[in-house]
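Student: Once you've had a glance at the structure underneath, I'll fire off some questions.
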Amino acid sequence: MIKDILSQRAKEVEELRKLGVNPYPYKFEKTHTTKTIQEKFQALQPGEVLQDEEISTAGRVMTVRLHGKSCFFTIKDFYGRIQAYIRQNEISEEKYNLFKKYIAPGDIIGITGFPFKSRTGELTVYVKNFQLLSKSRRPLPEKWHGLKDKEVAYRQRYVDMIANDSTLERFRIRYEAIRFIRDFLNRLDFVEVETPVLNFIPGGGAAKPFITRLEALDCEMYLRIAPELHLKRYIVGGFEKVYEIGKNFRNEGISYKHSPEFTSIEIYQAYADYNDMMELTESLISELVLHLYGSYKLTYQGVELDFKPPWKRIKMREFIKSRLDVDILEDNDEKLYYVLKERGVEPDTKSREKMIEKLWDLVEEEVIQPTFLMDHPVDISPLAKRHRDDPRLTERFEPIIFGMEMGNAFSELNDPDDQLERFKAQLKLRDAGDEEAHRMDLDFIRALEYGLPPTGGLGIGIDRLIMLLTNSPSIRDVIAFPLVSQTEEDDLEGSAVE
C-alpha cells in the first residue's frame with residue numbers, strides 16, 4: 001500500500017535526523033557527470049583500476065543490488081547512468097550500514113571515488129565516500145521498469161522523466177533543437193526580440209483567443225494567438241531581421257497535433273520575399289536534422305523522411321484540382337460545398353474561406369515528404385501579399401511534412417489600403433458567425449502607413465517539429481507539461497501534502 005510506504009519513508013527521514021544526518025543538505029561539489037566519466041574512462045580494460053583518479057558525481061539511485069558486505073548500485077543524472085560499487089571495508093561498517101538501511105531507489109546521492117572496469121567490462125565508480133542529498137519520500141513506479149500509463153505520464157512528467165530514460169532524451173533533443181535554431185539564426189544576424197503576450201486585439205492568426213481581464217485598466221485582454229503583427233512593427237521601426245521563440249494560445253480543440261498552448265518561432269526579414277523564406281526554411285530544418293542525426297534522413301512512425309534540399313514545391317490550386325476535381329478559384333461556392341458533402345464533410349459555415357480550408361484538409365495527408373504548399377487564394381490569406389502573377393492568389397507557403405502543416409510563411413502584405421480592405425472582409429466573416437476571423441487592428445494599419453519594406457515572414461510550430469525529430473506520435477509527448485484534465489489527487493494520502 002502506498003500509504004504504508006509513505007509512512008515508512010517519513011519515519012526514515014526522522015531517524016536520519018536523529019542520527020545527525022541531514023536528509024536535504026545544501027550543496028555537493030560535483031566534478032564529473034555520468035557522460036564525462038564514460039567519455040574519459042571508457043577505454044579502461046576489464047579489471048583495470050585508476051585509484052589516483054578521484055571523481056565526484058551525483059544523481060538519483062535507480063537500482064540497488066546488495067551482496068552482504070558490498071553493494072552495486074546505479075545512479076542516473078541528466079546525461080545517463082553509471083554503475084557504482086561500495087564496500088563495508090572501504091567506508092566503515094557504520095557508514096555501510098547507514099547505506100544499506102536508508103539508501104533506496106529514488107534517493108539522490110553524491111559519491112566520491114575512483115573509476116574501474118568490472119570483470120564483465122562495465123565502467124564503475126568505486127565509492128570511497130557518499131552523501132545523501134535528497135531522501136525520496138515516494139517509491140519509483142513499477143519497480144523502476146518505467147511509467148507506462150500515458151495519462152499519468154502527462155500529469156506527472158517529473159516521474160516519467162525519472163522512470164523513462166527515453167522521455168528525458170526526448171526533451172534533451174527538444175532543447176538542443178531550440179538551441180540550434182537560435183544559433184543558426186544568430187549567425188545570419190537575426191535579432192531575438194520580444195512581443196507582448198497580453199494583447200488588446202488578438203491578431204496575427206485565425207483562431208479563437210483566450211480572454212482575460214486586466215483589473216488595473218478595467219478592460220478585457222487576450223492571450224496572444226501569434227506575435228506576427230508586433231514583429232512586423234519591429235520591421236517598420238527599423239529592425240531588418242528579427243525572430244521570437246515563445247508561447248501562443250488558441251482556445252480550440254486538443255488533438256494529437258493541436259495544443260491550446262504551444263510554442264512557435266516567427267522570423268521576419270526585410271527586403272526579402274516568400275522565395276527567400278522557403279530557402280531559409282529548408283536550410284534551417286535540414287541542417288537541424290543533420291546536426292542531430294548526422295544525416296538528412298530520419299524515420300517517423302515507420303516512414304523514412306528525406307530533408308535534403310531542395311524540397312518539393314506544389315501549388316494549392318493545382319494539387320486540390322488533381323485530387324478532388326474542383327477548382328478553388330473558378331468553381332462557385334455550390335460546387336465546393338457539393339464536393340465536400342460528397343465526401344462526408346460538413347463545413348462549419350458555407351463561407352468560401354472555410355470550404356477551401358476543408359478541401360485542403362481532405363488531401364493534406366497525401367503529402368508525406370518535406371514539401372512546400374504554395375500560392376494560397378487571397379480568401380484564406382488575409383495577411384499575405386497578392387501574388388505578383390495572379391492577384392487572386394497570395395505569395396504564401398506552408399511546409400507540409402507527414403501530412404502535417406509545420407508552419408506558415410508569406411511575402412508580407414505591406415500595402416495599408418489592401419490590408420484595410422482585408423480586415424474589413426474579415427469583419428464581415430465575424431459578423432456572419434466566424435469566431436476565428438481576424439479582427440480590425442487600426443494601429444497596425446497606421447504602422448503600415450509609415451512604411452513596411454518588402455518583407456518575408458515565416459512561422460514554424462516548434463512542438464510539431466519536435467514530434468518529427470523524436471518520432472513522437474502526439475504533441476503531448478513533446479510538451480513537458482501538457483494540458484490534461486484535472487483529477488482528484490487521492491494518491492497524496494499519507495504524504496506531507498495531506
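Glycine is treated like the rest: Cβ placed from N, Cα and C.
Bear in mind that the values here come from a model prediction, so they are computed numbers and not experimental data.
Taken from Swiss-Prot, the feature Mg(2+) 1 binding site covers Glu398, Glu405, and the record attributes it to sequence analysis. As annotated by Swiss-Prot, Mg(2+) 2 binding site applies to Glu405, with the evidence given as sequence analysis.
Locate each feature and note its surroundings.
Tutor: Under the three-state DSSP scheme, Glu398 (Mg(2+) 1 binding site) falls in the strand class. Other C-beta atoms found within 10 angstroms of the C-beta of Glu398 (Mg(2+) 1 binding site) number 20, with every protein chain shown included.
The Cβ of Glu405 (Mg(2+) 1 binding site) lies under 8 Å from the Cβ of Glu364, Glu398, Pro399, Gly461, Arg464, each of which sits 6+ residues away along the same chain.
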Student: Under a three-state reduction of DSSP output, how is Glu405 (Mg(2+) 1 binding site) classified: helix, strand, or coil?
Tutor: strand
